[in-house]
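Engineer: Marked as active site, proton acceptor by TrEMBL: His180. Marked as NAD(+) binding site by TrEMBL: Gly8, Ala9, Ala10, Gly11, Gly12, Ile13, Gly14, Asp34, Asn95, Ile118, Ser119, Asn120, Met233. Per TrEMBL, substrate binding site is recorded for Arg82, Arg88, Asn120, Arg154. TrEMBL lists 3-146 with the feature domain 'Lactate/malate dehydrogenase N-terminal'. According to TrEMBL, the domain 'Lactate/malate dehydrogenase C-terminal' annotation covers 148-327.
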Amino acid sequence: MVKAVVLGAAGGIGQPLALLLKSSPLIDELGLYDIVNTPGVAADLSHIATPAKVEGYLPPDDGLAKTLKGADIVVIPAGVPRKPGMTRDDLFKINAGIVRDLATGIATAVPKAFVLVISNPVNSTVPIVAEVFKKHGVFDPKRLFGVTTLDVVRASTFVAEKLGDLSLSSKVVVPVVGGHSGVTIVPLLSQSSHPLPASISEDDYKTLVHRVQFGGDEVVKAKDGAGSATLSMAYAGAEFSFKVLRALKGEKGIVAPSYVSLEADSAGAALLTKELGQELAYFSSNVELGQEGVVKINPLGKITEAEQKLIAAALPELAKNIATGVGFGTEARL
Ligand SMILES: NC(=O)c1ccc[n+]([C@@H]2O[C@H](COP(=O)([O-])OP(=O)(O)OC[C@H]3O[C@@H](n4cnc5c(N)ncnc54)[C@H](O)[C@@H]3O)[C@@H](O)[C@H]2O)c1
């Protein structure tokens, strides 16, 4: 029996994510929690003819603990999305406390569950969850994941567009490494399963990289004040959740980029640190998944000079974001 939980399940991401999870035969029970509307979302989803039993709770009467009870995987899209003009710092100020409180609930109720963090800024919210778990003495770095899959999904789509064949988009695999905002997002296009045309100009390459790094802005702008990516994020969140669940059920060899604590695999981290030339506590690289979570953190491998420059540009920002998250989380520990 597998129980999945969505925290923030009534939101723009939460609802379609819950729908996709409910549609999956991998899940037997689905717990939905939000500060509003979850009984309604749960009642609606519960009529869908798939096996998962759905329950929705609100904060009163220990709703969070009830939702989490018995969870194997907890996905967190709770928080405020970015609006035009809002910086990542603005977002952090609001979402940090929300993530801290939900992490406290998880650490208390289901400390062994896999935790998948969607709430932005992921570069900082993942360290907050880790610090809260450390405070409770239950931190297992193999079980905590920042969901960067939307960057991977965007890279696949944009490369397929460049190749002039959208039907390839679900087959194109591009490792996207680093972190999950702006310049910290580094698509390793040279490692794409479907290489870009050799004739691609430097300008076209730069535009493509920029589009993967700042694809979120396209959506924020187009939604014009109504929020950020929700449907594509729900798709990406479900895709990564299914990978974690397939690994939990014993499938071997599943590899996907995710933003994880480098404590999850010290040998892998040592290789990666050598490649980066700098020690970081968190990084998104291709991660091999298993029944206990992270099995291996893969190195970057062979990358081009242009990609080395992108990594160099990502590192200072990433280090700053990590320090912000750890700082907030450490304060929460006191
Ligand atoms: N990782 C990614 O790639 C990615 C992509 C897009 C958005 N996001 C982030 O996901 C988050 C959610 O985005 P959205 O568009 O769904 O926003 P939304 O406002 O539509 O939904 C957020 C939901 O969280 C709920 N919520 C707020 N505080 C809560 C709490 N303490 N406990 C439980 N639920 C709570 C709200 O009631 C709301 O239903 C944002 O932080 C956004 O920046 C991440």
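Each Cβ is built from the backbone N, Cα and C atoms, and glycine gets one as well.
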Engineer: Mind computing the max CA-CA distance among Gly8, Ala9, Ala10, Gly11, Gly12, Ile13, Gly14, Asp34, Asn95, Ile118, Ser119, Asn120, Met233, which the record assigns to NAD(+) binding, rounded to whole Å?
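Structural biologist: Largest pairwise Cα separation, rounded: 18 Å.
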Engineer: So for Met233 (NAD(+) binding site), how many other CB atoms are inside 10 Å of its CB?
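Structural biologist: Summing over all protein chains shown, Met233 (NAD(+) binding site) has 24 other Cβ atoms within 10 Å.
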Engineer: Note the mean pLDDT of the domain 'Lactate/malate dehydrogenase C-terminal' (148-327), expressed as a whole number.
Structural biologist: 97
Engineer: Just give me the nearest neighbour of Arg82 (substrate binding site) among the binding-site residues Ala10, Gly14, Asn95, Cα to Cα.
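Structural biologist: Comparing Cα positions, the closest of these binding-site residues turns out to be Asn95.
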Engineer: Who sits close to Ser119 (NAD(+) binding site): which same-chain residues at least 6 apart have their Cβ under 8 Å from its Cβ?
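Structural biologist: Set apart from Ser119 (NAD(+) binding site) by at least 6 residues yet with Cβ under 8 Å, we have Gly8, Ile76, Pro77, Ala78, Gly79, Asn95, Ile98, Val99, Thr125.
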Engineer: Just checking, which of Gly8, Gly12, Gly14 (binding-site residues) has the fewest C-beta atoms within 10 Å of its C-beta?
Structural biologist: Gly12
Engineer: If I restrict to non-local contacts, at least six residues apart, and a C-beta distance under 8 angstroms, what lies near His180 (active site, proton acceptor) in its own chain?
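Structural biologist: Listed in sequence order, they are Asn120, Pro121, Val122, Asn123, Gly146, Val147, Thr148, Asp151, Tyr259, Ser284.
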